[in-house]
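Trainee: What TrEMBL shows for this protein is this:
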TRANSMEM  D:6-21  transmembrane segment
TRANSMEM  D:28-46  transmembrane segment
TRANSMEM  D:103-122  transmembrane segment
DOMAIN    D:122-420  domain 'NADH:quinone oxidoreductase/Mrp antiporter transmembrane'
TRANSMEM  D:158-178  transmembrane segment
TRANSMEM  D:198-223  transmembrane segment
TRANSMEM  D:276-297  transmembrane segment
TRANSMEM  D:304-323  transmembrane segment
TRANSMEM  D:335-355  transmembrane segment
TRANSMEM  D:367-388  transmembrane segment
TRANSMEM  D:408-428  transmembrane segment
TRANSMEM  D:449-470  transmembrane segment
TRANSMEM  D:503-524  transmembrane segment
Amino acid sequence: MIDIIYRIGHFVLITVFSMALGLLFMGIARKIVARIQKRYGPPVYQPYLDVLKLFGKDAITHGFIFDFGAIMALGGVIATLFFIPLGSWQLYSMEGTVILVIYLLAIASLGMAMGTVGSGNPQASVGISRALMQMLGYELPYLVILFALIYRYQTSSVWGLMQAQAGSFLNWNLFAYPLMAAVAFVVLIGMMGKKPFDSMIAPSEIGSGPVVESGGKYLGMLLLQKSITIIIELALYVNLFLGGAENILIFTFKMLIVWVLATMFGSLFPRFRIEDGIKFFWKWPLGIAILQAIYIIT
Amino acid sequence: MNNNFVKGSWQEILDWAQNKSINMLHYCTGCGAIELPPTMTSRYDMSRFGIGPAATPRQADLLLVTGYLSTKTLRRLIYTYEQMQAPKFVVGFGSCTINGGMYWDSYNTIKQLDKYLPVEMYIAGCMPRPEAILDGLLKLKKMIADGEADGYQRYQDNLEYYHQNQEAVLGEVQRTQ
Amino acid sequence: MRNEKDLLQLMNAHFEPLKLEIKRKQNVSVEFKKEELIQALSFLKSHSYRHLSTISCVDWPEEGEFELVYHLFSYDDLINISLKTRIKRDPGIFQTAKEIWPVAEFYERDIHDFFGVKFKGNDNLEELILENWQEIPPMRKDFDTRKFVNDKYEWRDYNGQKHTD
Amino acid sequence: MLTNYIFIPIAAAFIAYILNKRNRKAGAVITALVSAYLLLSLTALYGRWDITQSFNLSLMGYKIDFLLAVNPLSWLFAVMTAAISILIALFSINSQENFKFSSVFNLNFLIIIGSMIGIVFARDFLTLFIFWELMTWTSFYLISAGKKKMAGRAAYRYIILSAGAAYAFLMAAIFIFQQTGSFAFDSAAEFLVANSPAQSIMLLLVISLPFIVKAGIFPLHIWVKDAHGNAPKEFSPFLSGMMLKIGIYGMIVVFYQLSFFKIIENTIAYRGLPLLSYLFALLGAVTIITGTILAIRQEDMKKLVAYSSISQMGYIIIGIAIATPLGFSGSMLHLMNHLIFKSTIFLALAAVIYRTGTTKMYEMGGLIFRMPLTFAAYLTAIIALAGIPPTNGFISKWVIYQALIEKGYLFLAIAAFFGSIASFMYVFKPLSTVFLGQLKPQHQNIKEVPLLMKIPMLILILVIVLFGVFPGIQMNIINQISGYLGIETVNYTLYSIQGANGAWNSLLIFNIFSAGFIIALLLFSFAKKSKLVGLLDTYSSGEYITDAESYHYAYQYYRPFDRLFDNLAAKSLTDFYETLTKNLVRSGEGLRRALAAGKLQNYALYSVLLFVILAAVGWII
């Protein structure tokens, strides 16, 4: 009994922590973008207020699939979260293989896609179709990188891959395989839908795409989903390339550095067209990733 | 602790969050569309007050009507307003929304926005400068925090009145289902 | 490449224009009898004036006439030419130019909206810009805007003083 | 007796044909009963791997044996055939009310079931060939019974490829018969191992031709799309779920029981894998990529799913060809799972076709509010197909990935990753355009399908989840097969599988997924209740919508992506084959004119010459 309560407490703690941290990161990103554009920018805690406000607002739904999609999106990312080691916090990270994490994230995407397309708005469909096409662009180099890493360290659990880089910081994959780390960084920007690769949420073109019909608590839940997704993607990057961390503070610090860099890169570029984005991913990141993988397997 | 008290203070918290975070849908019908970009970008930067743009009416709290409204536009504006979710606020920009402005004798522009939609406040000017816009929005924030911005409730309470006025100029009005 | 004078000569050679005028450089205005106008349009289209910029209309209530103006442009000659003609105001019916330029359908709908001119051959003359318009077309000079506005809209009351006063 | 399993369906076929003339539903009921009998009696056969049966026939001095036997591999395929037939028969009781050829359908369907069981029980080339031809021809009639105009053409393409390959197979079999005096697999295997490797490899490649055609592997996949697209909607699940798999069965027989792998063991190798195996795996990889890219382009949902079948076949081929324990287990898992989820998809689409009467995706939309169970079946199946946990599809793909990463086959892995991620795209297209979006006015009054059509879909949903949580059930029989074929087995428990570099624990994942879902559900239900509005009340830049049809994004869903592959897709293989045929016909015509010029004597002369040459060749060999 106590064990179960302890476990549930763990679940809730990690969920709440990641939501809070993700929202904070989003606030920091808005501040950074504002400073780059010579603006003062909203306060760092703005996303918290946004979420609070959204949950207080009225909302409309377009039927049960719309509700189900929002729940599936949030539930999917929360489930994924438990498989990732966050510093010393690790619930099930031993069991979770890194490929599993990538595919679990797809549950959330599928839920969101289903819910928003279920609203009957064609702009949502356009956004989703763009997002899926882009996903094919960035996931391919990422999976090639994972292939190489798993082959190199002979383990596919995130925890194992993190442990393999223990010791000096020179063992970090960032320094051991810098090309791969760079590719993963570009992929990370694509995954998080930041600037050069944000055609699926283009607000003035397709009315913010997937979230076009979401208001009130639906938007709030998707915001929370986004915040947890950010944490998952950053945590994966930190675990795979920056050697993880001993405790949650250092881990958060490493995530923050990656996030700030990604935000800065993101705010410098204009937007890719869809097919140009895919072509870019298949030309440079995929090419470099394949070269690096060939180097590792031979 | 009675239930009303909890409900009341919860509402206050929500009002406070609402006043700090406003997503506006700018319905750019006239020259106001030109005044908003400087207000949003680095010179005046309205985002420091927690006000930002929204892409669709579903995500928006604030409907900015930036300029004259022809009857044809008014029909779409009403539809857009009804698609927004409460709490929602309407702000009229410039003389055109107040009394028709320079289009005062045009056969096709409405003269008073507040007869058709519950306007929280007007920002006067032709067009108002960004300073005026910011000043107005700050006052709106204060109204929201004090719970005075209750346009959507007024709209619900006086639905008959608003619908009558709308149908008087537009004929039949298409509404959300 | 023709210049303005060549163009006028060309017009004179093929039609019997009522009035020819070079307004300024690259801008020519020709007035036709209404029977000749459609013919002139298709003639000009086959002589490099392929671009129909717009069709406009002027109301002359004293003379009881509408004046229709077709604005053409040639990318070869770089000349704007305005072809004018006058039709009777009372039935207010003219031929459509839809067969020559499909886009003319929209310009004609526009003119029908605002002046009530009908175009024979164009059966899609429903409202383009106005919605539910019940009065006489608003751009006719006998349409009393001030009265219409006073009747339809309420003025804001500034302490007993109306906006119009 | 093993012959029961084969001849009872075939005998029942004619009864079904006669009764079906009286009552439209009788044929399907008989099919269901016969398959139920088959399933039950096959279940009783489990574990008795020593049953054999043989007949002798003396023909023109040759003694020919017909051998039948049960082994875990055949048993699995027979059970799968019987199980899927029950579901399809149940489904078709109602759905064939208006089908003109329903009696022909049931006749052929039962014969196919019988002949497929005959194929998997056969232990010699001749029996295999006889039932193979029976299956091919009956399925040819079934495909051409589709109502579409193109059905005949599609069926001809299918029959020409199949028949050509089958006769090549027969030639090779007869050649082996001449050498060994027996058609049996065992003696053939002995002979092939002892023979010169080059000749053995050639023979085995020829023998595997009909299986490659049936499995739809890359250069010979052109029949699949049209055949699937035009087959009767009830037959598509069987065609895609089982008949493609029977090709895989044949390839396993060639690879292991005819010792193809043993023969090529010592040839040139790449990363420890004989080059020929690697080439087979590469064919699988190319199959994945072409199938995927072409699936994304389709506007017809049955063709889309047909191409997706081609691409999923690629995974199975890769796993079998790389011949590691994990690869083989992954392939067998994927084979079973593909049968399950692909049948679900086809049944769900058949339900949609039954109600709407169209297969074009852009002619539908918003059917979720009218057909919720069909939607649920489709959704579960595509989650499995896209390989998203916690469904069975993920497990099999995961095991195949493990096998590829273990050995470091980079390019095979890239193809597998590509197919997996791109499958999100093509499975989402029907979901979005048929089930979600705006409901078309002409479909306002559509109802959910009748109960008898719901039951098979429900069962399949349950099976997908069951095998997603307890893959150990499948691993049990797979390990028996591995043991029978002499492959190392994989460690597993009821709900976990041990991979090369990590384990998979599906129960844990299922639980955690539920936990995450519950947290989200709690958050959702504590928040304010939302108001239900209609589908037409959506953001449309202020304009109000009156007709649903113009507000549905369905046609050319992935146009930007398709644009990348336009050049490639324009050069279709079908065109290539057609040009080839045309040129062959033309050159043949030229040859005829040059040599024969219409004189009968010349033909006779050439026939004699050809005979002499063939005889000489045969004598020399």
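Note: Cβ is positioned from N, Cα and C throughout, glycine not excepted.
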Trainee: For the transmembrane segment (D:276-297), give me same-chain residues lying six or more residues beyond its boundaries with a C-beta closer than 8 angstroms to one of its C-beta atoms, as numbers and ranges.
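Mentor: For the transmembrane segment (D:276-297), the far contacts come to 201, 216-219, 221, 225, 261, 264, 267, 270, 304-305, 307-318, 321-323, 409, 411-412, 414-416, 418-419, 422-423, 425-426, 429, 558, 561-562, 565, 568-569.
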Trainee: If you count every Cβ pair below 8 Å, which range out of D:198-223, D:335-355, D:503-524 shares the most with the transmembrane segment (D:449-470)?
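Mentor: By Cβ pairs under 8 Å, D:335-355 leads among D:198-223, D:335-355, D:503-524.
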Trainee: Do at least three CB pairs under 8 A connect the transmembrane segment (D:367-388) and the transmembrane segment (D:103-122), leaving out pairs fewer than 6 apart in sequence?
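Mentor: Counting Cβ pairs under 8 Å (6 or more apart in sequence), the transmembrane segment (D:103-122) does not reach the transmembrane segment (D:367-388), since there are fewer than 3.
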Trainee: Within the same chain, where does the transmembrane segment (D:304-323) have neighbours whose Cβ lies under 8 angstroms from its own Cβ atoms, ignoring anything closer than 6 residues to its ends? I mean 6 or more beyond.
Mentor: 215-218, 221, 224-225, 227-229, 236, 240, 244, 247-248, 251-252, 255, 261, 273, 277-278, 280-281, 283-292, 294-295, 298, 330-332, 334-335, 338, 342, 345-346, 349, 361, 385, 396-397, 399-400, 403-404, 407, 409, 412, 415-416, 419, 423, 426-427, 429-430, 487
Trainee: Would you mind listing the long-range same-chain contacts of the transmembrane segment (D:367-388), meaning Cβ under 8 Å and 6+ residues beyond its ends?
Mentor: 308, 312, 337, 340-342, 344-345, 347-349, 351-352, 355-356, 394, 397-398, 420, 423-424, 427-428, 430-431, 434-436, 439, 443, 446-449, 454, 457-458, 460-461, 464-465, 468
Trainee: Should anything in the same chain at least six residues away from the transmembrane segment (D:28-46) have a Cβ under 8 Å from its Cβ atoms, list it; otherwise answer none.
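Mentor: Same-chain contacts beyond the ends: 4-5, 8-9, 12, 15-16, 19, 70, 75, 78-79, 81-83, 85-86, 88-90, 92-93, 96, 102, 106, 109-110, 113, 117.
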